[in-house]
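Remarks on the structure that follows.
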Amino acid sequence: MTSLVSLENVSVSFGQRRVLSDVSLELSPGKILTLLGPNGAGKSTLVRVVLGLVAPDEGVIKRNGQLRIGYVPQKLYLDTTLPLTVNRFLRLRPCTQKTDILPALKRVQAGHLIDAPMQKLSGGETQRVLLARALLNRPQLLVLDEPTQGVDVNGQVALYDLIDQLRRELDCAVLMVSHDLHLVMAKTDEVLCLNHHICCSGAPEVVSMHPEFISMFGPRGAEQLGIYRHHHNHRHDLQGRIVLRRGNGHS
């Protein structure tokens, strides 16, 4: 399978501060990669590297030709005094055709929001509108920066179900950043735990058949939500230095 984007031993520094160190990853068609890490771990910087907005100091980045990227930001800041409907907001995107807007909204089950004021949308509705905006680019790579932030568990389940559906329909790669260190999208193909470097990687634990998990999240939630069990052989001290653990290092 040909990668759309690959990073090999990428490092980024801002002044004397090393933000990313020897990070490698691959984004391939039809695959979901979830990036976890604490605040200040370098997740946003890594996303900017993937998007081509930050050039690394070291390492190699390879991209497929004219790669089309759809990006959903972590937050959307709007002037609350500015009258702006969903329709007008989406038309602000360069090269957007009016005829493409409603189909994009319908694709994310948000067609009914086309004339709604942006300021009145819930967290989940806003994420769907931003996702529709990203789809207007017909992306080969979908980058989602903390898409479930401000969304309740039921909203997360619905959003993960939608992301999985879009991934299959478009055969696009998905890079998803998550603020939750343990609860992830169950259908993620690979999880990377980042704290300036890759601390560990693996796949989510299959828990959809656990009675306790089903009781907590319901059958649909148990199908879409997974647990990622970290397996670090080290920890980071208050200065960010690596301290090796004794024993098996599971956390």
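The backbone N, Cα and C atoms fix where each Cβ goes, and this holds for glycine too.
Residues or ranges marked as domain 'ABC transporter' by Swiss-Prot on the basis of sequence analysis: 5-220. Swiss-Prot lists Gly37, Pro38, Asn39, Gly40, Ala41, Gly42, Lys43, Ser44 with the feature ATP binding site, giving sequence analysis as the kind of evidence.
In the structure shown, the C-beta of Ser44 has more C-beta neighbours within 10 angstroms than that of any other entry among the binding-site residues Asn39, Ser44. Cβ environment of Ala41 (ATP binding site): Leu194, Asn195, His196 lie under 8 Å away, each six or more residues apart in the same chain. Of the chain residues outside the ATP site list Gly37, Pro38, Asn39, Gly40, Ala41, Gly42, Lys43, Ser44, Leu194, Asn195 have their Cβ within 8 Å of the site's Cβ mean position. Same-chain residues at least 6 positions away in sequence with a Cβ under 8 Å from that of Gly42 (ATP binding site) are, in sequence order, Val12, Val19, Leu20, Leu194, Asn195, His196. Lys43 (ATP binding site) falls within a helix when secondary structure is assigned with DSSP.
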